[in-house]
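Lifted from TrEMBL, the feature list:
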DOMAIN    492-598  domain 'TMC'
TRANSMEM  205-232  transmembrane segment
TRANSMEM  295-316  transmembrane segment
TRANSMEM  379-408  transmembrane segment
TRANSMEM  423-446  transmembrane segment
TRANSMEM  458-481  transmembrane segment
TRANSMEM  554-579  transmembrane segment
TRANSMEM  600-625  transmembrane segment
TRANSMEM  670-690  transmembrane segment
Amino acid sequence: SSASLQILASMPSRTIGRSLGAIISQYCNRTARLRRRSGRPPLQQLCRAARPSLRHYDLESDPSRATLQEKRRLLVKELLSLSPSQCSHMLLTMPLSLAEKRILRRQLSGQRGPVRQRAHGWGPVSPCAWSRVCVGLVSRRHSSAQRLGGLSAGSSLTALPCCSPQGCRGLWYRLLSLLRAAQPGHYALKQIGGRFGSSVLSYFLFLKTLLVLNFFSFFILLAFVVVLQAVYPSASVSPQPFTGLELLTGAGYFTHSLLYYGYYSNATLNDPCSSTPEGSVCPFPAPLLPYNLPLAYLFSVGVSFLVTCILLVYSVSRSFRESVKSSTGDLAIKVFCAWDFKVIQRRSVKLQCENICTQLKELLAERRSRCRSQSRCQCLGHGLVVLLAWLLALGWVSGCVLAVHYLLEHMHMGSGRWQQEAILLVLPLVVSLLNALMPHLFNLLAMWEKQDSPVTRVSVAIFRNLILKVVILSLLCYHWLSRSVICSTEECWETCVGQELYRFMVMDFIFTLLDTLFGELIWRLILEKRLKTKQRPEFDIARNVLELIYGQTLTWLGVVFAPLLPAVQMLKLLLLFYIKKTSLLRNCQSPSKPWQASRMSTVFITLLCFPSFLGAAAFLSYTIWSVRPSETCGPFRGLETIYKSGKRWVLVLEKSNPNITWFAWVYQHLLENTCLLFFMSVALIAVIYFNIQVVRGRQRVICLLQEQIANEGEDKLFLMQKLRSVYEQRGR
């Protein structure tokens, strides 16, 4: 009715920003206040009577109501008085159309040109300013979204000196944008998210997370162990000639190198008397703080695991926090608010169109899956099929475990022929073959089950593959700790375990490449050339994610036995990123059933934290506390356990420097005390528990806020009816 329209027109939310002149006047007042802020003292230092009134700055209060051109001219005049960075930021935040921003920018550049000409041309440009321009141009070339309405970098050469805080801040922001653009796959991730959706994108984001975790572990071990051992090399056996087979087996030339445990010494590196024969007097004084390599080895591994644990807990909590967001109203937000008006490049515009289209498909598919319902008979029949599929899957897993166990026992029944380097590849070959073939059998079971939800299908496939890999890895860990690994008498058993883990990683990478070649490229060529169909294979998220978790578990298991194994894993992940990205874009199609992967990302990082990381930590903890190290090689030779190296170092430290006996007390009462480990475990469990409770509390708050929003809408309808009745009575 007319009364309702009159009420709606007088609402404050409808009057703000209704006219273009009001917006321009509002920002003209804001720029005037920003310019005058630096030239007057704070209001807190003035008495109340002396404080200036800001009412005369409001152009809307003027009864003459200046025209749009006058308001635009005043705004340009106020913008000219600001610094270029403030002017660019002000233009960027104005709620104006692109055409209006172009007009303002054209007037600004037209009025700044004569000012520069009156200033006798270009002023002297410092090298720092030229570096800012170059960095700005490079970052603008690599970025996919450019800011509109701002001034160019070249227009601020004379107005913004290099030594000013604004200049340094602008240079810092451009460097940050350049570093972000230089990340591996910066544009490829956007392209993958636009064409294939968040489900496939979650795999590549998970791969980048693993790359960050391995970088921290590798940096700690490199800085405190590997580099120092390379500077103070130990007198080791002469290396064997390099034949090329070492890249597969990890033995031969690599055996006596920095890659494995057996190369590292048990000496104090900065002690000049370490090479003095026993019984003789050392002419040099002992160092004040001896660098004990065994203790550095142990503490570097412990600190790397601690940093990894902190990063994993943070990632899990952040993932839980992001998965709490309700999907109610997401469809309307994507339809009306998803477009980014700062994007102007043709390639970026096309990419954003594909991304929004894929997200809308995911939201519609999720909403459609909620509306489906089945009868009781259908649910009962589907449940029986799922039960039979799980029994078949567990039977296949048991058969694989028995095959691996038989192979382990049979390898040790042979004689010296099993000691050849090529035969060492048999066990990794069989295990990698099983890990590559079983997911395809599980996919056949999934086709028989006919799960409606893609999330359920991926979750079931992940857990079946996870059971297979966990059982096989548990059997292999028992095999390694029982020291039944194939090893020569002159080598450390720790080095042999490190070599076997290296072979498992290399063989897993080879089978991943073969699966990418035959499962995606060859299959795509068969579908297109022979079968003459446009259909392409889909990207198997469950299998690929489990391969990443499996490889990362092997890396964590081998940190003690091969300190450079995180570097091998980083190289493997980088190659996998570009190989999988190229194969995905050229050989695969988007998922036939789009689905959102916000909760699946939480599942991925949780599986990495609890079965993978905690299992590797338990294995290494048992190795450090209970397993006796080798007697002839390695940094912990001659000790009962690896943990005993801490006590020996504390005794040496007390003798070398009596002033730091307090450290021995700290080590004895804190590090050796089991109560500290107990309290740390309780604290970790408490943090996880409180995060879970916070997530649940936020879910309840979101539900309450949604109800409150619905009640607010009903309140508005009620008030509208009352106000309409009041207007009608007043009209009569």
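Using the three backbone atoms N, Cα and C, a Cβ is placed for every residue, glycine included.
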(request) For the transmembrane segment (670-690), find every same-chain residue at least 6 residues outside the stretch whose CB is under 8 Å from a CB in it, and list them. (result) 309, 313, 316, 646-647
(request) Return the stretch with the most CB pairs under 8 A relative to the transmembrane segment (458-481), choosing among 205-232, 295-316, 423-446, 554-579, 600-625. (result) 423-446
(request) Between the transmembrane segment (600-625) and the stretches 205-232, 295-316, 379-408, 423-446, 554-579, work out which stretch tops the count of Cβ pairs under 8 Å. (result) 295-316
(message) Counting Cβ pairs closer than 8 Å, which of 205-232, 295-316, 379-408, 423-446 has the most of them with the transmembrane segment (554-579)?
(response) 205-232
(message) Six or more residues beyond either end and a Cβ under 8 Å away: which residues meet both conditions relative to the transmembrane segment (423-446)?
(response) 248-249, 251, 389, 392-393, 396-397, 400, 403-404, 407-408, 411, 417, 457, 460-461, 464-465, 468-469, 472, 476, 486, 499-500, 503-504, 506-508, 510-511, 514-515, 540, 542-543, 546-547, 550
